Every structure is written in structure tokens, then in C-alpha cells.
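Okay, structure first, notes after.
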């Protein structure tokens, strides 16, 4: 008796792109054509009470099509790539069971990589270790911890700025918990499982043919956030005793700069300029991640008909008319 043939993997369309590239418009355009549910691939949208600075889809937009992995945790808590992977694989199955089509949409490329390529064997976050490192940074400054990292993990330290508190803390935490440099663990083969083997993830990438145009959009959007009450949003968060600027939520682009302004460390214009610059740097990193995906389908996000082009690409993916 011959073995039963393996079922072909189910194609999952993934709409990826940097900040301000038009992902929401393209996703909603697809929702007008097909019964989809959107799974957010965004590490900032997971937080409740952080709406303006994360450019969260509006209530009307979220009412028009089901969205997932938005407003799922408190800003005092953390959410990992491993949690995203587990939640997304579960949601894909649940959405399909309802007879609907999942669409992954967002710009957190680390999440997408964890989903499609598996996880590294890095230790999880340890609150006690982080508290110790925070106390040392408060006393000695992050550049001193960066110098310590350079002694135990020179490869990781070389690619981090001396004040990149989030990444310096994580790299030292990994070394303290595992006894191995994070660069060594990241270079090891990824831990895979069969959970994602049933799916073929196809990325449609919104990328700018002229980055200056996207940079202008980013500045306009940051100004619109300020006009919409972003500083008031951060002030409400800042009043909470359990929130501080070193939490992952408050390290989100824009929030850190607004917190510094409210602390009196910068003036309004400097805060605005730093927020726009940080967003552009994020955009640059996102595009670098995208360009490392040879399998992606590229749509020019600054073309006048970019939404229609993205919609056409997504429909071709879902109809199976793209190369396997």
C-alpha cells in the first residue's frame, strides 16, 4: 500500500511594508473584495491605550473587517516574537475554520521571520536580570553597559549604539542567562517545528521607488499625530506609576521622544525632529529586511495607484497565480 500523498501547503498572503507605506488602505481594499480577517504583524499595535502614536486602525476600520493581535496586552507587559508566532499560527487555523481568509499585514519583520523561519534558541526575558541591568544603567549609564557587552559579545556590541538601551539590555541578559554571546546563538540553526509547514507564506512588499517621498509622508503623519493629541496620549501613560521609559512599549518610535519632551529634556521642536528621524530610521531598517526576501512581490508604495497594485498582487497570490 502506497503512502498517502502530502497535502499541498495552504498559501497565506502577507502584506508587508515600512511605516506610512499604505498597508492599511491595501488591506481594507482586499476586505471589500473577499471575506478576510487581518492578523496584525506589528509589535506596537499589541498595546492597549497606545492608539495615536502607533497609527492604530480606527474603530470604523476595525469594525469593517475583523482584526487580530491589536490591543491584546497592557503597556506594562511584554510580547515576544515567540508569542506572536504561536498566536498567529493558532489564528490562521481559526480563521480558516470560519470559512474566511487570513491576511497577515504589518511591518515588524522580526515577527515575520520568526513565523516563517522558526525561532532561535534564545532564553526568555527574566525580570530579575532586567531589573539588575536597569539599576546598573541608572548608576553607570548605558555606555558603560555597552562597554561591558563589548567584552563578552564584541560582534553584537559593534552593531549597537552605546545608548541603545533595549538591545544592549537584551544582549547582556542573553549572555547572563545562557553563558553564550547572543551573536553565537543567533548564528546557530533555527529551531523549527511542523506548525508552520502546512503554510506557504507569500510576502507582498510595499516599497518606495523614491525614499524621499516616503520620508515626506512620515513627517506629515507625525505632524498629524501631534495634531490629533499624541502628547496628551503619552502624558496619560506617563501618569501611571507602573510605566517608565525603558519598557518595550515606551520604547516604541515616537513615545520615547514624547516622554523626553514631557520630562523637560527636550523642547517641542527637538521632540518633533527626533520623532521624525527615529521613524525614518525604522523605515530604513524595515526596507533592509524586505530586500533580504528574494521571494517577495514588490509594489511601489508611492505610485499613484499603489493601493490598486497591491490589491492586484494580493488577489493573484490568493488565486494561486504566482510562482510557487
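Placed from the backbone N, Cα and C atoms, the Cβ positions cover glycine too.
Here Swiss-Prot flags 17, 18, 19, 20, 21, 22, 23, 24 as ATP binding site. A helical conformation is recorded for residue 23 (ATP binding site) in the three-state DSSP classification. Under 8 Å, Cβ to Cβ, and six or more positions away along its own chain, residue 23 (ATP binding site) finds 15, 16, 17, 105, 106, 107, 206.
What Swiss-Prot lists as substrate binding site is 19, 20, 21, 22, 23, 24.
Sequence annotations record features per position, and here Swiss-Prot assigns region 'Interaction with substrate tRNA' to 42-45 (among others) based on sequence analysis. Mean pLDDT across the region 'Interaction with substrate tRNA' (42-45) comes to 97 in this model.
Below 8 angstroms of C-beta separation, residues 130, 133-134, 137, 142, 145-146, 149, 156-157, 160, 182, 246, 248, 251 of the same chain, each at least six residues beyond the ends of the region 'Interaction with substrate tRNA' (166-170), sit close to that stretch. Under the heading region 'Interaction with substrate tRNA', Swiss-Prot lists 166-170 (among others).
The region 'Interaction with substrate tRNA' feature in Swiss-Prot is assigned to 251-256 (among others).
Positions annotated as region 'Interaction with substrate tRNA' by Swiss-Prot: 284-291 (among others). Residues 16-19, 107, 109, 113, 203, 205, 207-208, 211 of the same chain lie 6 or more positions beyond the ends of the region 'Interaction with substrate tRNA' (284-291) yet place their CB under 8 Å from a CB of it.
As annotated by Swiss-Prot, site 'Interaction with substrate tRNA' applies to 108 (among others), with the evidence given as sequence analysis. Sequence-distant neighbours of residue 108 (site 'Interaction with substrate tRNA'): residues of the same chain at least 6 apart with a C-beta under 8 Å from its C-beta are 41, 42, 43, 44, 84. Mapped onto three states, the DSSP output places residue 108 (site 'Interaction with substrate tRNA') in coil.
Residue 130 (site 'Interaction with substrate tRNA') falls within a helical segment according to DSSP. Summarising the annotation, Swiss-Prot assigns site 'Interaction with substrate tRNA' to 130 (among others) and lists sequence analysis as the type of evidence.
The Cβ of residue 130 (site 'Interaction with substrate tRNA') has 169, 173 as same-chain neighbours under 8 Å, each 6 or more residues away in sequence. Counting Cβ atoms from all protein chains shown, residue 18 (ATP binding site) has 27 others lying within 10 Å of its own Cβ. Using the Cβ center of 17, 18, 19, 20, 21, 22, 23, 24 for ATP, the list of other same-chain residues with Cβ within 8 Å runs, in sequence order, 107, 206, 301. Cβ proximity to the substrate site centre (mean Cβ of 19, 20, 21, 22, 23, 24, cutoff 8 Å) flags the following additional same-chain residues: 17, 18, 25, 107, 206, 301. For the binding-site residues 19, 21, 24, counting C-beta atoms within 10 A of each C-beta gives the highest total at 21. Taking Cβ pairs closer than 8 Å, the region 'Interaction with substrate tRNA' (251-256) reaches residues 19, 43-44, 47, 50, 53-54, 165-166, 222, 225, 230, 234, 237, 245, 275, 278-279, 282 in its own chain, all 6 or more past its ends. Between the binding-site residues 17, 22, 17 has the most other Cβ atoms inside 10 Å of its own Cβ, all protein chains included.
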